[in-house]
Amino acid sequence: MDPNQNQQTFNLNSNSNPHQYVFNTPRAPYQGQPESSLQQQQPLPQFESFPQPQPSTQSSLHQTLQSNPHDPYKNKTIHNLPSRDHVRSFFSGNFIQNIKHLDMAPTSAVPSQLNFITGNKNKLAEVQAILEGVIELRNQNVDLVEIQGTVEEVTRDKARRAAEAIQGPVLVEDTCLCFKAMNDLPGPYIKWFMLALGPLELHHMLDGFDDKSAQAVCTFAYCEGPGHEPVLFQGRTDGKLVASRGPTVFGWDSCFEYGGTGQTYAEMEKSEKNKISHRGKALDKLKGWLARRVDV
């Protein structure tokens, strides 16, 4: 045997024709071995963890894999192949990709009630309205340390801290307002400018620029609990920064004009705003994700 090859033994059984094969595989990833490297040996004790091939004369038949009840391939129908080809098919790239896909799934289910971490009553009401009929939200106001970084980094960190604080699943949100003239500043730090300037003065930030374009960005993160990696859902809406118009009760809504209507968020009906807003778009992604995972 070539010293650069490893010998691996696989036992592939059918009820009537148990065979054991020796695979001489290269140390590098499998690139296709000559037929001489697959040698039939004497039968050895059987395993139950591999699909059962049929003789090559029956290659046109179908077989249902019967295995572990949690096997994702259970009850999937495949074509039986000659034994050698069946082995190669079983260890093909598609099989490996399916395993990788399963391993990457962040979570399989979420509770029927979800803890939304916010102290902003307007934000809570808006999120509840958008998610109505999808999942029940329970509000908790948790005082969290907030790091500096990108909105994705800030939101992930917030979700981890919140999950640790309540020892359970959480939903958190972070919002940005990005000005093109300022290379997307203030971004996640818009809240500090709002505290300093208020909605009536915020538009003066772009007084020295011809370009008034802005992008509203909303990022939600769901974290299953302590030690779990948060899952992000982000929505973006383009518009521009304008002098305040409409009620000034909800952040910078009165200063952000949506390009599609010429109205500020504050001037729009709530239901219309939720269809096009950055928050509505992010929650649409969350709703699709929840629909596949909610425990009902």
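A Cβ is built for glycine as well, from the same backbone N, Cα and C atoms used for every other residue.
Just so you know, TrEMBL annotations never went through curation; they're auto-generated.
A quick note: this is a predicted structure, and the numbers were derived from the prediction, not measured.
In three-state terms derived from DSSP, Gly251 (ITP binding site) belongs to neither a helical nor a strand segment and is classed as coil. Residues within less than 8 Å, Cβ to Cβ, of Gly251 (ITP binding site) and separated from it by at least 6 positions along the same chain comprise Asn122, Thr175, Met194, Pro199. Annotation comment: TrEMBL describes 118-123, Lys158, 174-175, 250-253, Lys273, 278-279 as ITP binding site.
Glu146 (Mg(2+) binding site) carries neither a helix nor a strand DSSP state and counts as coil. Annotation for Glu146 (Mg(2+) binding site): spatial neighbours Val154, Asp157, Lys158, criterion Cβ-Cβ under 8 Å with sequence separation of six or more. Per TrEMBL, the feature Mg(2+) binding site maps to Glu146, Asp174.
Residues annotated as compositional bias 'Polar residues' in TrEMBL: 1-23.
Residues annotated as compositional bias 'Low complexity' in TrEMBL: 33-67.
According to TrEMBL, the region 'Disordered' annotation covers 1-78.
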Cα-to-Cα gap, Asp253 (ITP binding site) vs Asp174 (Mg(2+) binding site), nearest whole Å: 15
DSSP three-state assignment (helix, strand or coil) for Thr175 (ITP binding site): strand
Which of Asn122, Thr175, the listed binding-site residues, has fewest other Cβ atoms within 10 Å: Asn122
